[in-house]
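Taken verbatim from Swiss-Prot:
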type     : residues : note
DOMAIN   : 31-496   : domain 'Topo IIA-type catalytic'
SITE     : K39      : site 'Interaction with DNA'
SITE     : H75      : site 'Interaction with DNA'
SITE     : H77      : site 'Interaction with DNA'
SITE     : R88      : site 'Interaction with DNA'
SITE     : K94      : site 'Interaction with DNA'
SITE     : R118     : site 'Transition state stabilizer'
ACT_SITE : Y119     : active site, O-(5'-phospho-DNA)-tyrosine intermediate
Amino acid sequence: MSEIIQDLSLEDVIGDRFGRYSKYIIQERALPDVRDGLKPVQRRILFAMYSSGNTYDKNFRKSAKTVGDVIGQYHPHGDSSVYDAMVRLSQDWKLRHVLIEMHGNNGSIDNDPPAAMRYTEAKLSQLSEELLRDINKETVSFIPNYDDTTLEPMVLPARFPNLLINGSTGISSGYATDIPPHNLAEVIQGTLKYIDQPDITINQLMKYIKGPDFPTGGIIQGIEGIKKAYETGKGKVVVRSRVDEEPLRSGRKQLIVTEIPYEVNKSSLVKKIDELRADKKVDGIVEVRDETDRTGLRIAIELKKDANSESIKNYLYKNSDLQISYNFNMVAISEGRPKLMGLREIIESYLNHQIEVVTNRTRYDLEQAEKRMHIVEGLMKALSILDEVIALIRNSKNKKDAKDNLVAEYDFTEAQAEAIVMLQLYRLTNTDIEALKKEHEELEALIKELRNILDNHEALLAVIKDELNEIKKKFKVDRLSTIEAEISEIKIDKEVMVPSEEVILSLTQHGYIKRTSTRSFNASGVTEIGLKDGDRLLKHESVNTQDTVLVFTNKGRYLFIPVHKLADIRWKELGQHISQIVPIDEDEEVVNVYNEKDFKNEAFYIMATKNGMIKKSSASQFKTTRFNKPLINMKVKDKDELINVVRLESDQLITVLTHKGMSLTYSTNELSDTGLRAAGVKSINLKDEDYVVMTEDVNDSDSIIMVTQRGAMKRIDFNVLQEAKRAQRGITLLKELKKKPHRIVAGAVVKENHTKYIVFSQHHEEYGNIDDVHLSEQYTNGSFIIDTDDFGEVESMILE
């Protein structure tokens, strides 16, 4: 044999071969036919079982035999693919109406594998026989099988709209399909209405076909998504589990899940919910149990005594497959091509198929009836001249001679002559003669009826309607899925997501932040905090994990950080730098931190800058949902910076202290509530290159402590301060020296809880008791506590 060598480019070969492969996958494997709702392997399985008599009214038969028949005659692929498809057709959590009944382990909603095919037994379900009914009446086209040894149907007669009733899912080259199951009675009713009113709208159709009806039940939300899918073939709905509350002893309760979304793995769902509980992602769940048994699906979620069951349920809806989004993608093979189809198109294609099936069946029945009529007429004629016929047959040489003589002598046809010579003697009684007359009358009526169906389109549609109504009456079942018009908004209370726990928040001057358990803090003490060289603790306080931290920076920005998102770090260890949580500029520094519980309107923040600007903003303005970037809390001009932020519950006095020892005290009610992007107003009238070193709230039980660059500390009583108006010059708190004048580098208001001070110089930290610092007069410079010649100038101070 001579070889044929073609010189082709690799690009052309690959493109051509992949195109052929894709066409095969699309048409012959992954996508269902719109007419019978079946993929080729499913159709071959059902036809093989029907052909071998493995039907509903017979006994179960080993699945392996069916798989062997399918592989041997119709589907030359691996046995596992055939058996898997066969098993799916028997799973009542996958199909709304199973097409195969199976004895033995056919898998589970937990995605457990089925038993091997040598152990399971199967037969067609009663409904699946309606897919195959009349297939032997030339209703559908047959094609040769893969080795031309037998024929297989291109499509099944499908006496009900299986594509909509059982749905389909599949992925092929460039195409995917997701068609949900529907209620049989609703689909048939919708089809009947379409037959009566071909121009029916989607809105009108949805009065009958309300939406998907999943075998696993559940609650479907989003009428608009259903409508869009029915109009265009694509749409989206939310499917959520059916969850009820059940009381337990001692006032506790549990959530009981009895229905889950379609195609959700139950065991994976239980595992996920338990992981959320174990990882403390949700607070209030004691235990998760799978209590499913032969009576039905049941997942028990036991709750703590005072748990917010509604919020826990909503959290699970959002963070587990207790609720999913189902995306319609109604692609099916129509006229040999994949097509995205709406509801009307699917029903129209099915109806056209039924018109063809009923027409072909009627032609077949008419042909058979006419053939029988011809035979009956011949028998009746023969019986009317019985003696002559008998004599002719007796005088004939053989059967063929008798037939030829009958045709020649009495004008019988070949078929009639065959029937006459095959007639048994007992059929010559009067009873059988009358039976032939009756059969003749019945055949006349049948032929008339069949011809009317073929000639009258309305009569043909009436047949389709009658047969659909018959199936509806026989197989009608109640809807399992509930449809709700709107998609529910999921609201989750913070306490459900975050276990309530008191922790210690700490922030250093260099921007290291952490939360620490009270146990670790108490075991170490404040002074044992982990710090980098040169860093100092700016603030520490007790907060709750459900609180929110607001970290303010010198650039007039704040960071919004939920406490539970802070790393849980031991007190002796270094914290996490703020820039690792929210990115900030390299030269940006933290100035203060506060925790918020509820961002209530009554509270407000006072923000003050180095160059004497101040503003007031209500706490509610700081609430946000953005955690990933700094947010503006004050517009700060160039060469200025934010030096402090004070949180107050109500209006009270604040005092401003400057570098040159000026002090101004006034009420915050002089400040209007402004937006976060405002620049503020003048706080104090600064002169001679002076700047603000402190702005804090103050009341009559407080004192003010300050330290100068020369190492002197001074403490004054509240009474020294003089309440004035905003933007004034203020009073002088230092005695001005001509040589080496004192300049304030740090100041603080001493509250009742303050007992100690720490003063930081360039090379030294000075600790002392606040009570040991005596109260001074207005025009003094205080007492020296640090020798700056030995330890360098003072830089800062904190109170504890």
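For all residues, glycine too, the Cβ spot is worked out from N, Cα and C.
Sequence features annotated in Swiss-Prot and their locations in the structure.
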{"residue": "H75", "record": "site 'Interaction with DNA'", "contacts (Cβ under 8 Å, 6+ apart)": "P40, V41, R44, V82"}
{"residue": "H77", "record": "site 'Interaction with DNA'", "contacts (Cβ under 8 Å, 6+ apart)": "V41, I71"}
{"residue": "R88", "record": "site 'Interaction with DNA'", "contacts (Cβ under 8 Å, 6+ apart)": "K94, L95"}
{"residue": "R118", "record": "site 'Transition state stabilizer'", "contacts (Cβ under 8 Å, 6+ apart)": "K62, S63, A64"}
{"residue": "Y119", "record": "active site, O-(5'-phospho-DNA)-tyrosine intermediate", "contacts (Cβ under 8 Å, 6+ apart)": "G104, N105"}
Coarse DSSP state, helix versus strand versus coil, of R118 (site 'Transition state stabilizer'):
coil
Return the count of C-beta atoms lying within 10 angstroms of the C-beta of K94 (site 'Interaction with DNA'), excluding that atom itself.
21
Where does H77 (site 'Interaction with DNA') sit in the DSSP three-state scheme?
coil
Report, as a single number, how many Cβ atoms besides its own are within 10 Å of the Cβ of K39 (site 'Interaction with DNA').
20
